[in-house]
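Annotation source TrEMBL lists domain 'PurM-like N-terminal' at B:40-153. Annotated Mg(2+) 3 binding site per TrEMBL: B:42, B:87, B:238, in sequence order. Residues annotated as Mg(2+) 4 binding site in TrEMBL: B:42, B:56, B:87. Among the features that TrEMBL reports, Mg(2+) 1 binding site is placed at B:57, B:58, B:135. Feature annotation from TrEMBL assigns Mg(2+) 2 binding site to B:58, B:87. What TrEMBL lists as substrate binding site is B:65, B:291, B:343. The annotation ATP binding site is assigned in TrEMBL to B:117, B:134, B:135, B:161, B:240. Marked as Mg(2+) 5 binding site by TrEMBL: B:241.
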């Protein structure tokens, strides 16, 4: 798709590495007071005064994390940023800067990279962050994106994974499994396209879940909401690899157990109907789907009244002593031990 | 070399992504007070009090930036860190933390990655930095390393590329061209090896330049030296792509010109003798070789007495008005306009 012959095509070799990064980032504005110096020197210079700094990094590889046959490059750029910001928000911090490095093969024309960077720019505007550095280089095959995100948080406001206490409530934002089912729909359409390239897919009935896959959002709003509600989570993690795996991380690091209730898992009607269509169990999808980029956190029971009316938040279980283990309580009241089945790329 | 059949071989797929990063980083100690939380949460947490923060990132790709047929993985890990720290020191800052992400194909066994991380750990000990985050993922081909380095610097002590003034002296640390000539020697031995795998190369006569290529050091010592001498550079950049290209960056950003003196270029005797052996002009190598990771900086003439006796520092020219242009003054007193001929990967 990205190699449409009708489009203008400028070879990367016409620019060279220095001019490429200059060209791609020339429209990027510095918006934040904490960015003293952005792109253009050996390093960016930042100033957070007394605040603490959080740093996180992610690597996205073509053929492993994304498939350009259905992922538009602009969406990919947007998603690559969002995935990293989600980790910053999961620390209860405010994302402020990113660096973006790409390795790219000569099969990509300059116009393709401009699309990618347009997505990065859009995300940086929407989330109010500055792009302060990066590197571009050639690769022997495919496209690879490495992003490091930096955020700031007031002293003592950091929320780690390890603070959950027995009797805390387990809460998740938004709904689960959408991104995974969106991927199933896109994979199916890709197979159809291979057989009949003239077939125009009708993705309208799947618009929500396809958007969850192609253009996810990080829950900056939830961090703000919790602050506004006066709720400080005792532990927090973002749901990138699947709810089950994230709950296990949180519980293990907090040295606690938990009961998770199947009937409390938040599912969008489109996820349920698509699961039926694909004959997949929606609970399995919610537990192991991954890429939801929702926030999973624990709160003290005292804070329950503050969140209970909020449509963005679902209480899905509660924290127990470590010895109680980590269990899913099904609709039939059966207890099933939680297992992590998130993405394991090396097992492919 | 790394796939020696006699070595133990543990497939990456036996571990999975989560356990891989845990395994590789389990020996990494947190050494610095500024590292509040390292690996193990959604993000690292850092505290620099009132100091400014510098951030830089680099991407190294197999087949583009390194060749594993002569680059041992431990050296590669070490070099990947050093390359990034060099950018931090070029801001007159002290490097403190790094994140390390790798994409790796299944052709690498776990033991190979352990070697790579052993090099990373060695560098982090020698330079006193903490490894605070990272990501491991599979790649369809080869190995790719993305490192982000973070440093801190007291307020108003940052040195940018853009502060050089007419009449300032142009100074470089160490010597130039060694890494490039080391690469030439290694490339030659690789060709010999292809023809006769039993041939044992004698690299002893090239030990210095081969080490400059395989195990470069970042000039943390020079930043400290300048501080001890009471010299604040007016502008600074590290020499990664070649002296000529770095001088041009520095002059362009400072809106100045310069005269660079060929007879002042610091060359190690081994560089000179190897250039003669390969029939390459040593000045060309010093100007365009790249990967020296020395510091290039400008100082006020008033500071000359403080540095003139130092064997680590060479005054190689001086800054002029912008209109004077950027020139190399040869031994024959000919003036040749400087051109950047540094690494341009996309032109390969």
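A Cβ is built for glycine as well, from the same backbone N, Cα and C atoms used for every other residue.
Structural mapping of features recorded in TrEMBL.
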| residue | record | DSSP class |
| --- | --- | --- |
| B:42 | Mg(2+) 3 binding site | coil |
| B:56 | Mg(2+) 4 binding site | strand |
| B:135 | Mg(2+) 1 binding site | strand |
| B:161 | ATP binding site | coil |
| B:238 | Mg(2+) 3 binding site | strand |
| B:291 | substrate binding site | coil |
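Around residue B:291 (substrate binding site), the same-chain residues six or more apart in sequence whose CB sits under 8 Å from its CB are B:179, B:180, B:183, B:212, B:213, B:216, B:240, listed in sequence order.
Listed binding-site residues: B:117, B:135, B:240, B:291. Those with a CB under 8 Å from a CB in chain A, in sequence order: B:135.
Closest to residue B:134 (ATP binding site) by Cα-Cα distance, out of the binding-site residues B:42, B:56, B:57, B:87, is B:42. Residue B:65 (substrate binding site) falls outside any helix or strand according to DSSP and counts as coil. Comparing C-alpha positions, residue B:57 (Mg(2+) 1 binding site) sits nearest to B:87 among the binding-site residues B:65, B:87, B:161, B:238. Following the DSSP three-state reduction, the secondary structure of residue B:117 (ATP binding site) is helix. Here the Cβ of residue B:58 (Mg(2+) 1 binding site) has 24 other Cβ atoms within 10 Å, regardless of which shown protein chain they belong to. Distance from the CA of residue B:117 (ATP binding site) to the CA of residue B:56 (Mg(2+) 4 binding site) is 20 Å.
Taken residue by residue with DSSP, residue B:87 (Mg(2+) 3 binding site) is part of a helix. Nearest by CA distance to residue B:135 (Mg(2+) 1 binding site), out of the binding-site residues B:42, B:161, B:238, B:241, is B:42.
Within the set of binding-site residues (B:56, B:57, B:240), the lowest number of other Cβ atoms found within 10 Å of a Cβ is recorded at B:240. All chains included, 25 other C-beta atoms sit within 10 angstroms of the C-beta of residue B:42 (Mg(2+) 3 binding site). In this structure the alpha carbons, written CA, of residue B:42 (Mg(2+) 3 binding site) and residue B:117 (ATP binding site) are 21 Å apart.
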